[in-house]
6 protein chains.
Amino acid sequence: MRIDGRKNEQIRQVNIIRNYNKYAEGSVLIESGNTRVICTASIEDKVPIFLKGKGEGWITCEYSMIPRATQIRKIRDAVRGKIDGRTMEIQRLIGRSLRSVVDMKALGEKTIWIDCDVIQADGGTRTTSITGAFIALVDAVNSLHKKKSFKVYPIRNFVSAISVGIVNGDKMLDLCYQEDSNASVDMNIVMTDEEEYIEIQGTGEKNPFSKKDFNELLELAEKGIKNVISIQKGVLKNDCLWIGTGEEIG
Amino acid sequence: MRIDGRKNEQIRQVNIIRNYNKYAEGSVLIESGNTRVICTASIEDKVPIFLKGKGEGWITCEYSMIPRATQIRKIRDAVRGKIDGRTMEIQRLIGRSLRSVVDMKALGEKTIWIDCDVIQADGGTRTTSITGAFIALVDAVNSLHKKKSFKVYPIRNFVSAISVGIVNGDKMLDLCYQEDSNASVDMNIVMTDEEEYIEIQGTGEKNPFSKKDFNELLELAEKGIKNVISIQKGVLKNDCLWIGTGEEIG
Amino acid sequence: MRIDGRKNEQIRQVNIIRNYNKYAEGSVLIESGNTRVICTASIEDKVPIFLKGKGEGWITCEYSMIPRATQIRKIRDAVRGKIDGRTMEIQRLIGRSLRSVVDMKALGEKTIWIDCDVIQADGGTRTTSITGAFIALVDAVNSLHKKKSFKVYPIRNFVSAISVGIVNGDKMLDLCYQEDSNASVDMNIVMTDEEEYIEIQGTGEKNPFSKKDFNELLELAEKGIKNVISIQKGVLKNDCLWIGTGEEIG
Amino acid sequence: MRIDGRKNEQIRQVNIIRNYNKYAEGSVLIESGNTRVICTASIEDKVPIFLKGKGEGWITCEYSMIPRATQIRKIRDAVRGKIDGRTMEIQRLIGRSLRSVVDMKALGEKTIWIDCDVIQADGGTRTTSITGAFIALVDAVNSLHKKKSFKVYPIRNFVSAISVGIVNGDKMLDLCYQEDSNASVDMNIVMTDEEEYIEIQGTGEKNPFSKKDFNELLELAEKGIKNVISIQKGVLKNDCLWIGTGEEIG
Amino acid sequence: MRIDGRKNEQIRQVNIIRNYNKYAEGSVLIESGNTRVICTASIEDKVPIFLKGKGEGWITCEYSMIPRATQIRKIRDAVRGKIDGRTMEIQRLIGRSLRSVVDMKALGEKTIWIDCDVIQADGGTRTTSITGAFIALVDAVNSLHKKKSFKVYPIRNFVSAISVGIVNGDKMLDLCYQEDSNASVDMNIVMTDEEEYIEIQGTGEKNPFSKKDFNELLELAEKGIKNVISIQKGVLKNDCLWIGTGEEIG
Amino acid sequence: MRIDGRKNEQIRQVNIIRNYNKYAEGSVLIESGNTRVICTASIEDKVPIFLKGKGEGWITCEYSMIPRATQIRKIRDAVRGKIDGRTMEIQRLIGRSLRSVVDMKALGEKTIWIDCDVIQADGGTRTTSITGAFIALVDAVNSLHKKKSFKVYPIRNFVSAISVGIVNGDKMLDLCYQEDSNASVDMNIVMTDEEEYIEIQGTGEKNPFSKKDFNELLELAEKGIKNVISIQKGVLKNDCLWIGTGEEIG
């Protein structure tokens with residue numbers, strides 16, 4: 001039994017409130033156990049310089065935690081005057097993950113800004129952010145869809161993420177903070193609804209790990225991701241029917 | 001009738017959820033109409049250098065908005081690499097307001113960090129922050145009280161804030177964003193439950209204003225603040241009975 | 001009797017040297033007791049992005065102190081790498097105060113940069129800066145006037161500022177540094193020559209204050225401001241005759 | 001045949017010059033094809049604050065490129081005033097990889113600073129840095145060993161890294177820059193000489209990838225790493241005999 | 001005849017007002033033609049880390065210009081967030097020049113902060129700063145002398161500086177801004193009252209220059225410096241009698 | 001005999017490897033004794049704003065040291081968040097020195113970026129950088145020449161630099177780090193192959209110096225520079241034949 005009563009292959013309770021913010025084109029409050037993240041998707045009618053005139057869109061992400069999202073109050077990046085390495089790594093990961101399932105040509109010359117603001121952190125903030133940001137992204141893209149802003153619906157796949165790790169010798173799914181702190185191996189997996197990988201990040205800082213362990217962790221992660229994707233589908237209901245159709249619109 | 005259907009002397013609906021965050025010693029989610037702020041109070045067992053060894057405590061505040069708290073996505077301070085002037089002004093105001101009702105000698109050598117993170121902004125974010133932060137402060141101080149951390153209960157008064165302004169010639173209480181944008185005169189008032197002023201900030205950037213107008217605005221603000229303080233009392237229930245007693249404890 | 005021999009309702013000696021700098025379109029050295037500020041007004045033929053193409057001008061202010069303007073040498077903002085909150089608050093106040101008496105449409109697409117550099121500080125640096133900057137502003141605007149740069153003279157009113165406060169129970173006008181350090185209530189008032197308010201900032205960090213005290217302080221401030229405005233008029237002589245006439249020129 | 005004439009499962013020519021720098025405790029110039037990195041290991045007799053008094057050592061890494069290491073001159077981080085996300089990610093990866101094979105208790109309260117400065121970049125700078133930095137680390141640790149600075153030799157394993165990817169449908173080992181730019185899947189693998197993983201990072205930003213592809217890439221990487229580790233052994237000769245012995249010394 | 005009517009070997013009118021600032025231990029307003037600099041010397045009872053416990057003092061300098069010291073308003077370093085290269089070069093030069101004539105052992109563990117704030121710039125701001133800062137330094141050192149703070153008077157020599165250059169083929173002393181802008185060769189010379197050099201900086205960016213030209217410029221500079229040192233002596237009167245005596249005091 | 005066995009008037013062994021970097025238009029690895037610098041020259045087809053449309057080119061330099069170029073590891077500028085004064089001074093000096101021998105009109109609207117990255121420092125890094133950067137500059141200019149990019153060959157002279165100083169009373173040429181640390185007088189001289197000065201920087205921070213000493217040091221420097229220029233000529237062989245011809249091309 002895990003510290004919060006779960007089984008090793010069990011994810012935490014996921015709650016998603018759509019349209020949590022009245023200004024953003026897409027927004028959710030997602031809770032995964034005690035981890036809570038506000039994800040917003042904001043549409044801007046221009047692209048970064050390196051894409052200008054190429055007829056392609058862009059998706060970029062910023063991630064942050066409010067100071068008391070954690071047990072010990074963390075100094076704000078704005079006060080330190082710079083963004084720390086962990087934050088950079090996470091926001092790059094979220095951006096890559098969402099971009100991987102979007103057809104940028106179909107999106108056209110628009111930028112979608114994803115903001116993931118963690119208001120309570122209990123492990124898995126990056127994977128929860130990806131799962132929640134995907135819903136916000138769908139809602140933002142659908143707002144463009146309603147305006148008939150593109151000919152081909154640009155989202156090709158669902159994307160979702162989960163952590164797995166080895167804690168005191170046990171392989172566990174969806175680690176909470178205390179489990180994560182004690183993990184000898186720690187992995188984050190990002191996958192599509194077609195069971196393909198987008199990102200695999202496994203780290204054995206405390207202990208190198210074998211191929212066998214690695215494969216068992218991957219399998220555990222796949223189970224978790226299927227679970228999370230079905231939650232995403234339940235939350236989006238009819239608003240996800242266009243995903244992956246690739247049909248020409250109008 | 002105002003754009004949201006209120007009368008000129010009517011404040012917006014205020015909702016306060018206490019203990020919104022599981023780590024902070026005090027925390028609330030406060031909503032004032034569409035303005036929503038997470039306020040946390042975090043206790044640290046040391047004081048800034050300028051107070052070291054004086055036997056006094058300190059209260060300091062940081063204020064921020066998530067990027068899509070506003071209609072147009074605002075670039076993060078951490079990305080700009082510096083905190084803007086408006087943010088500085090607001091966090092200094094919140095800090096001063098809370099310090100004014102706390103007996104720092106009674107608090108002892110502790111710092112209470114107040115963090116106000118606006119997750120949706122529709123005018124009055126600074127006044128809503130003060131009102132909400134006060135509740136978080138009381139909860140944090142009460143957590144010390146339970147540990148018998150001081151001899152005299154350090155909070156002397158309730159503190160609350162409200163905005164008033166002149167919009168299209170009408171004097172209005174508790175401006176929402178659209179009213180605030182059109183106001184010729186704009187004031188923020190911070191007061192105690194004993195009807196004394198802590199801070200009066202009135203600005204007539206578009207139009208200088210007369211003493212008569214000023215006094216009428218002040219009266220309007222007082223009404224609003226009484227209203228807000230009674231809401232604070234309703235939310236705190238028995239947890240505010242020590243405020244202002246100044247009794248020696250134990 | 002106050003520490004410098006003044007009566008409670010007496011302002012300090014004010015000296016203003018116009019054209020203190022040979023390059024700026026307007027410039028003064030203003031002394032208010034031992035507080036000394038160099039104020040320059042520089043004209044630039046463009047406006048900030050948010051005003052481009054609107055046919056309006058802009059006035060903005062920067063405020064700074066040389067390191068040894070104060071009793072204890074203060075580290076330079078440029079060395080700290082950021083501007084502190086107090087400086088931001090002051091420069092925003094000076095900018096708002098001057099903008100409030102200028103018709104930006106009449107000024108046309110120009111920016112006037114006001115720089116207030118305190119070379120010796122003994123209390124009241126923000127109010128002295130406003131009073132001095134107004135003279136520099138008039139001289140800069142008059143240099144445009146000579147070139148027939150606008151059809152309507154853009155300055156509508158005189159503007160001046162003074163501090164008041166309660167020190168050891170006494171209400172005092174125009175506080176010097178030592179008085180300011182000991183004040184329980186501290187206010188800065190910005191007014192026009194028509195006895196209208198532009199800005200009222202009152203703070204009772206150490207002690208909340210009553211409406212009665214507040215009103216008496218306001219009256220004291222009004223006396224002081226009348227006094228300062230008559231000094232401004234004496235210094236400007238014939239160069240202020242256009243102010244507030246609003247007449248079409250030529 | 002690949003653009004530089006290699007076979008798909010062939011690594012580039014690796015050259016390592018030990019003691020490239022006369023001041024550092026360990027230093028190499030490592031070339032992997034056209035990629036060239038100077039790696040230094042510097043010993044400091046203290047640890048970061050979070051480790052003080054715990055009797056453990058620390059290894060940390062900084063990574064940078066000189067401006068013209070790349071085809072297009074890249075602006076210096078010091079000029080931009082901040083370190084970019086890619087740099088942060090890489091230096092965190094190198095640090096984690098080296099720490100994973102060192103017994104920090106055995107090292108004792110010392111910090112080893114690893115600096116990887118890329119002087120020419122042609123793909124694989126992070127993997128080349130890990131491979132080279134390991135040699136510098138061994139030389140630095142051996143300099144402590146000679147001074148009998150610890151009881152147990154602290155390096156437990158060899159560590160080495162390689163990239164693999166899918167380029168135009170082909171699975172390739174050790175991508176050069178042009179291959180990397182065209183890869184649909186891109187992975188970096190860090191392994192020990194005991195064929196255990198330390199870090200697996202696979203990204204399918206352009207194309208999600210299947211489990212089968214992933215496993216084939218992993219196998220390819222393993223081959224490459226064995227190859228690189230044998231090169232490391234050849235370069236270190238007798239200076240690597242203590243690695244992994246874990247024997248008490250003296 | 002030069003543009004301001006001077007002869008080629010003539011310096012500008014120098015005016016020095018001592019005790020210009022009421023807080024600083026030493027302070028002057030120095031004018032050299034239209035160049036005006038406020039120089040303050042502030043004593044601090046500690047030394048930088050690298051000198052701690054060595055029984056020696058330190059002198060350091062900061063230099064800045066107010067934004068409208070120049071014909072075109074210059075953006076503040078604090079706004080740009082960094083100090084520019086020219087400013088760094090100048091403040092390092094001033095610091096070195098003053099340190100070269102002070103016996104740091106005799107001064108003891110104190111830091112003297114020299115601040116040179118240019119309030120109007122018309123060429124020669126660095127040389128004027130050195131000349132003025134020396135007077136401020138003497139006054140600050142004398143304030144220590146009065147308190148019998150040292151056994152040997154620490155100032156060994158007068159120090160003064162002047163610029164020379166070749167403008168349209170003519171060798172000129174003490175260039176004003178317009179001359180400096182047109183100079184093909186530009187030199188700054190810092191010397192003692194014993195006709196020894198402290199610093200020689202000659203630059204022929206537009207035109208390399210010959211040894212003969214260089215020697216003639218040096219001679220011109222020496223004349224100028226003798227002139228300036230006699231002005232310094234006139235201003236200091238009896239307060240410079242201890243300089244260079246090296247006598248044990250008391 | 002000096003610490004490294006040289007005579008006082010002897011320079012260190014100079015080695016220059018041209019085309020050290022495969023991307024830069026010009027690049028060298030230069031060694032002067034134990035001082036080693038990578039100098040690259042990168043051509044950009046635009047000029048800074050202040051030169052736009054003037055038909056002139058620009059040469060600018062950036063200088064840096066890798067952290068362990070020195071005996072004690074130096075913190076990176078990018079980590080400190082700002083460039084230190086010494087670095088600024090040096091890169092400004094290198095830029096000025098190279099610009100002084102190039103006809104900017106002949107170069108046309110191009111910027112040549114010079115990067116000097118010190119990978120091992122043992123005194124004389126700035127003079128070694130100038131000497132090496134000149135070779136990189138010639139190679140970059142020759143790459144333009146081959147493309148017939150200009151009508152007049154823009155390099156007018158060779159430029160080279162050397163240090164001299166007084167160490168324990170002896171006048172020495174080309175100081176290594178240990179000599180430099182003990183020098184009472186320290187000079188850097190930049191000269192052309194026509195024995196004209198471009199820059200003379202002499203500093204007597206520890207001891208003011210006499211005209212006689214100064215002249216002897218200058219003579220020593222001239223000898224050294226002749227020596228270095230003949231090495232530059234030997235390295236460039238036929239690739240320097242166009243320098244100073246000023247002939248119209250084609």
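Heads up, the Cβ atoms here are built off N, Cα and C, so glycines get one too.
Here the domain 'Exoribonuclease phosphorolytic' (E:10-140) has, by DSSP, the following mix of helix, strand and coil residues: 45 helix, 41 strand, 45 coil. Marked as domain 'Exoribonuclease phosphorolytic' by TrEMBL: E:10-140 (among others).
Positions annotated as phosphate binding site by TrEMBL: E:Arg86, E:Gly124, E:Thr125, E:Arg126. Around the Cβ of E:Gly124 (phosphate binding site), the number of neighbouring Cβ atoms within 10 Å comes to 27.
Per DSSP, the secondary structure of the domain 'Exoribonuclease phosphorolytic' (E:158-224) breaks down as 20 helix, 31 strand, 16 coil. What TrEMBL lists as domain 'Exoribonuclease phosphorolytic' is E:158-224 (among others).
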Worksheet item: Quick one: which residues besides E:Arg86, E:Gly124, E:Thr125, E:Arg126 have a Cβ within 8 Å of the phosphate site's Cβ centroid, in sequence order?
Response: E:Tyr63, E:Ile90, E:Val118, E:Ala121, E:Gly123, E:Thr127, E:Thr128, E:Ser129
Worksheet entry | Site of maximum Cβ density within 10 Å, from binding-site residues E:Arg86, E:Arg126 | E:Arg126
Response to the item:
Among E:Arg86, E:Gly124, E:Thr125, E:Arg126, the record's phosphate-binding residues, the widest C-alpha separation in angstrom comes to 13
Worksheet item: If you draw a 10 Å sphere around the Cβ of E:Thr125 (phosphate binding site), how many other Cβ atoms fall inside it, taking every protein chain shown into account?
Response: 23
Worksheet entry | Confidence summary for the domain 'Exoribonuclease phosphorolytic' (E:158-224), mean pLDDT rounded | 95
